[in-house]
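Peer 1: Sharing the features that TrEMBL gives for it:
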| type | residues | note |
| --- | --- | --- |
| DOMAIN | 6-129 | domain 'Dihydrodipicolinate reductase N-terminal' |
| BINDING | G12, A13, A14, G15, R16, M17, E38, G102, T103, T104, S126, G127, N128, M129 | NAD(+) binding site |
| BINDING | R39 | NADP(+) binding site |
| DOMAIN | 132-269 | domain 'Dihydrodipicolinate reductase C-terminal' |
| ACT_SITE | H160 | active site, proton donor/acceptor |
| BINDING | H161, G170, T171 | (S)-2,3,4,5-tetrahydrodipicolinate binding site |
| ACT_SITE | K164 | active site, proton donor |
Amino acid sequence: MSTADMKLVVVGAAGRMGQTLIRTIHAMPGVTLSAAVERSGSAFIGRDAGEIAGLGPTGILVTDDPLRAFVEAEGVLDFTAPAASVEFSGLAAQARIVHVIGTTGCSPADEARFDAAARHARVVKSGNMSLGVNLLGVLVQQAARALPAAGWDLEILEMHHRHKVDAPSGTALLLGEAAARGRGIDLESQSVRVRDGHTGPRPEGTIGFATLRGGSVIGEHSVILAGEGESVTLSHSATDRSIFARGAVTAALWARSQKPGSYSMLDVLGLTA
Ligand SMILES: NC(=O)C1=CN([C@@H]2O[C@H](COP(=O)(O)OP(=O)(O)OC[C@H]3O[C@@H](n4cnc5c(N)ncnc54)[C@H](OP(=O)(O)O)[C@@H]3O)[C@@H](O)[C@H]2O)C=CC1
Ligand SMILES: O=C(O)C1=N[C@H](C(=O)O)C[C@H](O)C1
């Protein structure tokens, strides 16, 4: 560890992403784990974060005091749950640090709280922190612009593991937003989230979502543009959660030198149009 290393807190440290983040921080240059947080009453409080993540002892014991952890750090990596991320955003703003938010399933009210926190914190939020998915979003935007809505129906299909609690996935919504930007339409009013029973024919120009859940699938996403007699499919497969963790650490290092504000992975990766 060098004294210039960015000190990072992992919240939700014992979760699937929390453990992956701890291993990734250990493996990447320029960053060091300064604290690991779980909720009060969690069976992981007081345990060594490195041991939970399969690294062996690191001397960092899991705490339930996030504010104390944040004031002694430069950034927090947060893949938890919407209510938790809202709470952490207020604390990150108080501590004036970087808050990287990977949590999905957040409501518009939650997003407003993140925006408020971004007056003091540097907030990077994305439904998917991987390079591949963010590149896919750029390609989807181009395809949706190039292929006219009259004649080219756009559907987004995703599959995740059986433990996932929100749908459509944050990635599916990110890809839907990219498609909507390409078509110059509003996703909220033009999306079809569920189909069941006698639905009638497909309304032209809408963006459809379909969700599969099962097993240990890390993340599969396809954007299908279906035309008359031909279709184009753009897709991404995640085979290792470290792609999200590397993206989150890269985001924290990038945000370290930015002004307070709300940023996306497109800003971090330089993929903005
Ligand atoms: N943007 C991206 O690139 C990615 C986003 N995600 C998203 O990240 C989130 C987490 O996913 P995953 O790791 O699979 O989920 P897990 O359920 O495995 O982990 C979440 C962790 O957060 C903890 N947690 C919840 N509330 C609090 C709190 N108030 N204080 C401290 N810890 C808390 C949970 O503890 P407890 O079990 O006690 O509730 C758990 O340990 C999801 O929203 C998922 O969609 C996942 C992968 C990539
Ligand atoms: O819950 C997950 O596991 C994942 N969540 C994110 C999402 O909702 O898209 C990103 C990734 O696909 C894994």
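Just so you know, glycine gets a Cβ as well, placed from its N, Cα and C.
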Peer 1: Mind tallying the domain 'Dihydrodipicolinate reductase C-terminal' (132-269) by DSSP state, helix then strand then coil?
Peer 2: 52 helix, 36 strand, 50 coil
Peer 1: Could you check which of the binding-site residues R16, R39, T103, T171 is the closest Cα neighbour of H160 (active site, proton donor/acceptor)?
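Peer 2: Checked the binding-site residues R16, R39, T103, T171; minimum Cα distance to H160 (active site, proton donor/acceptor) goes to T171.
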Peer 1: For (S)-2,3,4,5-tetrahydrodipicolinate, what surrounds H161, G170, T171 with a Cβ no more than 8 Å from their Cβ centroid?
Peer 2: T104, G127, N128, E158, H160, K164, D166, S169, A172, G219, H221
Peer 1: Give the residue from the binding-site residues G12, G170 that has the most other Cβ atoms within 10 Å of its Cβ, counting over every protein chain displayed.
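Peer 2: Neighbour-count leader: G12.
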Peer 1: Tell me which residues of the chain lie with their Cβ under 8 angstroms from that of N128 (NAD(+) binding site), as long as they are six or more apart in sequence?
Peer 2: N134, G170, T171, L174, G219, F244, G247, M265
Peer 1: Using C-alpha atoms, which one of the recorded positions R39, H161, K164 comes nearest to A14 (NAD(+) binding site)?
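Peer 2: Checked the recorded positions R39, H161, K164; minimum Cα distance to A14 (NAD(+) binding site) goes to R39.
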Peer 1: Can you grab the distance from K164 (active site, proton donor) over to R16 (NAD(+) binding site)? Cα atoms, rounded to a whole Å.
Peer 2: 11
Peer 1: With the Cβ atom as the reference point and anything under 6 Å counting, tell me which of the recorded positions (G12, A14, R39, H160, H161, T171) are near ligand 1.
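Peer 2: Passing the 6 Å Cβ check against ligand 1: G12, A14, R39.
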Peer 1: Between R16 (NAD(+) binding site) and H161 ((S)-2,3,4,5-tetrahydrodipicolinate binding site), find the distance joining the two CA atoms and give it rounded to the nearest Å.
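Peer 2: The Cα atom of R16 (NAD(+) binding site) is 11 Å away from the Cα atom of H161 ((S)-2,3,4,5-tetrahydrodipicolinate binding site).
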Peer 1: Take the domain 'Dihydrodipicolinate reductase C-terminal' (132-269) and average the pLDDT across it for me.
Peer 2: 98
